[in-house]
């Protein structure tokens, strides 16, 4: 499934975009779901401003989503198909990368010989992962699944980003030694799966203390996207330093997914995306009062209500 692209399934008028503005979120990385061992290509977009989703594009060369653990086991096990075990899920990923390596060698040989070559979109995408152009966004909760993710990354040399990392604290020293970042969350959820048995806000603080570069995700719509900053607040309550919590929803995710040449900080040369809060963003009573994207105000809070600059007003449509 590596050839599918998340951008092709985004509804620009989805209410989640307005929720993002309300929560002070100006850039979103949209990823395919976590039911497949190889789920497809993610995309980074602004949360507002275009007539089409393409006009909100930050980068379409971000990552490929992959899943280990219970999700693909459940999806394929219910169909009595491979992969229905952890062994099978790892095998599918391993085989796909072996095929991509062979494909790259054959493609390069054909190019050197000046011969025609039939392109395969899925394998081309995995070659981009192998070449370091795209990150490998690995959905994984349990510590043993995280270890499998590291093992696979070692075999093929790709740039691993752990998504969720619920039990990452149990091998935080390994993650820190290897320089593997963790996009942690969602946190405001029930323990609806066995993999979430040891879910705790304190796990994020433990990862940071060990030296792991951390970011926070809502995994929206699992947690509403406008609750992103509240997850950061809860993490501070359970031991994450406040300055790290702010970086975990701004500079860190931008750096992890190599978007920091555009977004993530108030720095000359980066996009003019600014959120003005009524107070400390980590204070649950604070609101995003002004949201500016690309130098244009797109959301304001005044007189007890929020107002979004709708596209029809901006573009006269």
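Cβ atoms are placed via backbone N, Cα and C, with glycine included.
The domain 'Amidohydrolase 3' feature in TrEMBL is assigned to 159-299.
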Message = Using DSSP, what is the helix/strand/coil residue split across the domain 'Amidohydrolase 3' (159-299)?
response = 48 helix, 25 strand, 68 coil
Request  = Please give the average pLDDT for the domain 'Amidohydrolase 3' (159-299) in this predicted model.
outcome  = 97
